[in-house]
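Asker: There's a structure below that I have some questions on.
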Amino acid sequence: MSASCFCNKKNDQISKLDDSLLDANDPNHPANLICELCRLFYDNNWVTGTGGGISIRDVKGENPNLVYIAPSGIQKEKLQPWEMFVVELPDEKLLRTPNDCPAELTKSYKYKPSACTPLFMSCYTMRDAGACIHTHSQNAVMCSLLWGDKVEFEISHIEQIKALPKLAVNEKTGKVEKVGSMQYFDKLVLPIIENTPHEEDLTDSLQEAIKNYPGTTAVLVRRHGIYVWGEDVWKAKVYNEALDYLLELAVKMKQSGIPTTTQTD
């Protein structure tokens, strides 16, 4: 990856940043995609008020163990590529921090790693994910409240379910693998875990949900949001969009007295 020119948040093109882990000329580079997707997610009201986060593993790059992570406490719609943290799996070695950038870029803010980092790492190590998305979607929060006495969210017989992967444990390797796509008659089950005062304290509950629900590609956090992962960033994006559609529909069905599953499930 080549040295690149990146924009300061305040003044465009004021600094050239010599950084081998960034590449301004590649629109599909993880650092650039994170910024693009964060703006898209902001427009969908999924990452407002600095909430939420996203990380991408460079699965198609020279080192597929590199993970790019958006920082904490930053307005996601204004995020710039040079603001990324980079860690290397499996040891989670920190290779890059935006705090090492020139003072003209960092003098007004001390960057912190995303509080979602240990949860993102859980998705990479337990599911070999290529990207992990965390949003504060109101649809996710509402479903967690409407299913307040449940530890699972369920919905079936909805066409949009077909956008989600059908997952199964490979008996030989013990790993969860995609074996196809869910079908109209399939029942989607998402685990719901309880929120905690601090994001990182969700890690154990998330890991337990990932372990106990090999068929899921997402976990709902009650009164908080959702974590979604996929084999690459584009799959994770599709899964997140499909799930948000289903969660919004489920809220409307619940409020209208329509069951989200059928008696034949």
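Cβ atoms here come from the backbone N, Cα and C positions, even for glycine.
Pulled these features from Swiss-Prot for this protein:
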type	residues	note
ACT_SITE	Glu159	active site, proton donor/acceptor
BINDING	Cys116	substrate binding site
BINDING	His134, His136, His224	Zn(2+) binding site
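Map these features onto the structure and tell me what's around them.
Answerer: Around the Cβ of Glu159 (active site, proton donor/acceptor), 9 further Cβ atoms fall within 10 Å across all displayed protein chains.
Cys116 (substrate binding site) falls outside any helix or strand according to DSSP and counts as coil.
For His224 (Zn(2+) binding site), applying a Cβ distance below 8 Å and a minimum sequence separation of six or more within one chain yields His136, Val141, Ser144, Asn195.
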Asker: Fewest neighbouring Cβ atoms within 10 Å: which of the binding-site residues His134, His136?
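Answerer: Comparing Cβ neighbour counts within 10 Å for the binding-site residues His134, His136 gives His136.
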Asker: An 8 Å radius from the center of the His134, His136, His224 Cβ atoms defines the neighbourhood of the Zn(2+) site; name the other residues of that chain inside it, in order.
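Answerer: So the additional residues around the site are Gly51, Gly52, Thr135, Ser137, Ala140, Val221, Gly225, Ile226, Tyr227.
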Asker: Near the Cβ of Cys116 (substrate binding site), how many other Cβ atoms are there if near means within 10 Å?
Answerer: 24
Asker: Please report the three-state DSSP label of His136 (Zn(2+) binding site).
Answerer: coil
